[in-house]
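Asker: Can you keep this structure in mind? I'll have questions shortly.
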Amino acid sequence: MDHPSREKDERQRTTKPMAQRSAHCSRPSGSSSSSGVLMVGPNFRVGKKIGCGNFGELRLGKNLYTNEYVAIKLEPIKSRAPQLHLEYRFYKQLGSAGEGLPQVYYFGPCGKYNAMVLELLGPSLEDLFDLCDRTFTLKTVLMIAIQLLSRMEYVHSKNLIYRDVKPENFLIGRQGNKKEHVIHIIDFGLAKEYIDPETKKHIPYREHKSLTGTARYMSINTHLGKEQSRRDDLEALGHMFMYFLRGSLPWQGLKADTLKERYQKIGDTKRNTPIEALCENFPEEMATYLRYVRRLDFFEKPDYEYLRTLFTDLFEKKGYTFDYAYDWVGRPIPTPVGSVHVDSGASAITRESHTHRDRPSQQQPLRNQVVSSTNGELNVDDPTGAHSNAPITAHAEVEVVEEAKCCCFFKRKRKKTAQRHK
């Protein structure tokens with residue numbers, strides 16, 4: 001399973017590795033066995049594999065000092081397209097002030113691997129979407145949208161564009177944690193600096209770029225080979241919001257002889273689907289959002305507050321209460337592959353940055369602890385599962401992350417659903 005490679009110019013711009021704390025690895029193989037305990041750094045014990053991908057492996061880990069579970073990403077040092085250090089660099093660039101970002105506890109070598117230790121989060125929006133019979137109510141979508149606009153604004157404020165919007169990359173917090181209602185953004189493996197760190201200027205507009213992102217949600221301009229900027233992240237979010245409301249998008253399930261032709265068909269269908277048709281039977285604000293983001297100039301800074309207000313005003317007009325009572329609250333979450341049950345006291349650290357997020361949550365805790373990856377490029381470990389989340393990776397010139405991937409490793413079957421309207 002190939003993970004999309006970064007463009008050559010981005011690799012050249014990547015600075016040499018930062019000085020890290022010295023890492024300790026008890027055995028260089030990077031795998032566990034009964035003969036010894038594999039450690040990453042001074043205090044992170046490596047447990048069982050809970051996911052894998054071209055980057056390497058995702059392991060369950062434990063902080064022996066705090067007794068808390070963590071996620072550990074292991075990437076071979078000799079990887080053909082190393083990205084873990086770049087992702088770590090972006091996490092450090094984002095800092096710890098933003099709400100809804102996973103804590104990064106450690107990065108360093110571990111034998112033949114580079115290892116990154118991250119906060120363990122809950123299930124992804126895609127998993128929760130399945131749990132809710134593949135449709136969300138308007139209230140749930142608006143609570144998600146208001147939060148994710150703030151997440152993306154924060155990412156952009158740190159001179160980064162995300163370029164990988166998909167439900168698998170947005171996770172709620174862990175069960176029993178006071179921030180389990182917070183939507184987190186994860187996996188910055190495809191992120192890019194849109195402000196050149198040397199010139200401090202916006203990157204230039206370019207065409208004939210290879211596709212980077214997830215075909216189902218990416219912007220129309222990305223399909224056309226145009227360099228991505230802030231506008232493209234917001235358009236991809238809009239497509240994802242409509243996916244949640246409708247249950248599916250008009251460009252899903254298209255067939256073609258080759259992957260390149262398939263992605264071309266997806267892009268053509270997006271362009272030929274009027275916004276009014278895409279948003280039919282839903283509030284006009286959804287169409288207004290998409291019209292606004294699609295009209296943005298490549299260099300233009302989006303008016304995030306205008307877009308948030310668009311949704312908050314609709315939220316209030318509908319008489320909703322921002323109580324975090326999402327559609328999945330109260331539903332039993334199936335035990336995922338690689339799940340562990342932990343103390344309710346094992347808490348994650350998140351940051352509050354917007355006043356509406358300070359309101360107390362009235363939701364009930366989810367019943368089962370979920371071990372989630374912090375990378376959307378993972379397969380279900382169970383090879384017998386009927387639903388495969390493996391990405392279909394195109395040829396080198398088409399850097400596309402396929403439509404459906406799983407963060408929480410549920411054993412499940414994908415249900416065929418018609419469009420549903422709430």
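Heads up, the Cβ atoms here are built off N, Cα and C, so glycines get one too.
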Asker: According to Swiss-Prot, one residue in Ser22, Ser96, Ser219, Ser344 is annotated as phosphoserine; name it.
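Answerer: Annotation hit in Swiss-Prot: Ser344.
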Asker: For the domain 'Protein kinase' (44-315), what is the mean per-residue pLDDT, to the nearest integer?
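Answerer: Its mean pLDDT is 95.
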Asker: Which whole-number value in Å describes the distance between the Cα atoms of Gly56 (ATP binding site) and Asp164 (active site, proton acceptor)?
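Answerer: Rounded to a whole number, the Cα-Cα distance is 19 Å.
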